[in-house]
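According to Swiss-Prot, the features are:
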DISULFID  Cys51-Cys67  disulfide bond
DISULFID  Cys58-Cys97  disulfide bond
DISULFID  Cys60-Cys83  disulfide bond
DISULFID  Cys69-Cys81  disulfide bond
SIGNAL    1-17  signal peptide
Amino acid sequence: MIKYVLISALLVVAVYSFTIEDNEDALLEEAEDELDTEEERRMALPPGAVCNGHKSDCQCFGAKYKCSCPFLWRFRRSAECHCKKGWAWTAIKKRSCHNRYQWSG
């Protein structure tokens, strides 16, 4: 009986330690995201400028502009993404951008 209690207590401690590590990782990721949003707030790229395809469309200036990348751009070294005009749903998607005050009237 005591063995079962000790084993279950060790199991609880192990699970608790893993959840603490996950929480620390989540806090680090949140801090990195906050830094990225601070960058996005500071600058918005003009239409036609080279943008980072791995980031959100918020980096492009204007409600309907998005970061458009060529087909299979990740596998080509010379391929660059550019801020190009998108569809109306791009403006709907960009309503949640932190830097929307720069282009909204």
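Glycine too: its Cβ is placed from the backbone N, Cα and C atoms.
Secondary structure at Cys58 (disulfide bond), as computed by DSSP, is helix. Cβ contacts within 10 Å of Cys60 (disulfide bond), excluding its own Cβ and spanning all protein chains shown: 30. Mapped onto three states, the DSSP output places Cys83 (disulfide bond) in strand.
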